[in-house]
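Noted in Swiss-Prot for the protein shown:
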type	residues	note
BINDING	64, 67, 70, 114	[4Fe-4S] cluster 1 binding site
BINDING	74, 104, 107, 110	[4Fe-4S] cluster 2 binding site
DOMAIN	55-84	domain '4Fe-4S ferredoxin-type 1'
DOMAIN	95-124	domain '4Fe-4S ferredoxin-type 2'
């Protein structure tokens, strides 16, 4: 055939293919128009976190036996445990316990391997501050339980989490 005719046929096939791809993209766009919005109005609406959410660590001072398992399993050796050996009872007495949440990666190893369950993860995720030194929590700050999102009447909670399709 003539080269001009074959180029014209290729041009026609490419035009049809391009129109099909544009149509497929347009159909996907139209299918998303029926869905609910994914974003929420953050300060006024909050999602209720899942049961296994890894938020700020809660620490119970009375349960801790200063075994330092949390320090050994932490990938960045983060918890600082100060203790004193009581010679009369031959046990360690915990003096100070602190975690710097500016460095913590929230892996949950300390909570998982703690033999006395004195560490637990909370649903608190709003840890932002203007000074990074405020992220270093001692045992008093770690012992405070966060206010539950459900109990706050000024915040509308969003219960329906988007389902992940696999």
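Including glycine, each Cβ sits where the backbone N, Cα and C put it.
Features per Swiss-Prot, on structure.
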residue	record	CB count, 10 Å
64	[4Fe-4S] cluster 1 binding site	20
67	[4Fe-4S] cluster 1 binding site	16
70	[4Fe-4S] cluster 1 binding site	25
74	[4Fe-4S] cluster 2 binding site	18
104	[4Fe-4S] cluster 2 binding site	19
107	[4Fe-4S] cluster 2 binding site	14
110	[4Fe-4S] cluster 2 binding site	22
114	[4Fe-4S] cluster 1 binding site	20
Near the [4Fe-4S] cluster 2 site, what residues other than 74, 104, 107, 110 in the same chain have a C-beta no further than 8 Å from the centroid of the listed C-beta atoms? 57, 70, 73, 75, 76, 78, 79, 99, 105, 106, 108, 109
Taking all residues of the domain '4Fe-4S ferredoxin-type 2' (95-124) together, what is their mean pLDDT? 94
Anything within 10 Å of residue 107 ([4Fe-4S] cluster 2 binding site)? Look among the binding-site residues 64, 67, 70, 114, comparing CA atoms, and list what you find. none
Long-range environment of the domain '4Fe-4S ferredoxin-type 2' (95-124) - Cβ separation under 8 angstroms, sequence gap at least 6: 49, 53-65, 67, 69-70, 73-76, 78-84, 132, 135-139, 142, 145-146, 148-149
CB-centroid shell, 8 A cutoff, [4Fe-4S] cluster 1 site 64, 67, 70, 114, site residues removed: 65, 66, 68, 69, 81, 110, 115, 116, 118, 119
Distance [Cα-Cα, Å, rounded] between residue 74 ([4Fe-4S] cluster 2 binding site) and residue 64 ([4Fe-4S] cluster 1 binding site): 17
For the domain '4Fe-4S ferredoxin-type 1' (55-84), how many residues does DSSP put in helix, in strand and in coil? 5 helix, 8 strand, 17 coil
Listed binding-site residues 64, 67, 70; those within 10 A of residue 110 ([4Fe-4S] cluster 2 binding site), CA to CA, turn out to be 70
Using DSSP, break the domain '4Fe-4S ferredoxin-type 2' (95-124) down into helix, strand and coil residues and give each count. 5 helix, 9 strand, 16 coil
Could you tell me the C-alpha distance between residue 114 ([4Fe-4S] cluster 1 binding site) and residue 104 ([4Fe-4S] cluster 2 binding site) in angstrom, no decimals? 17
Spatially, and counting Cα to Cα, which of the binding-site residues is closest to residue 104 ([4Fe-4S] cluster 2 binding site)? Options: 64, 67, 70. 70
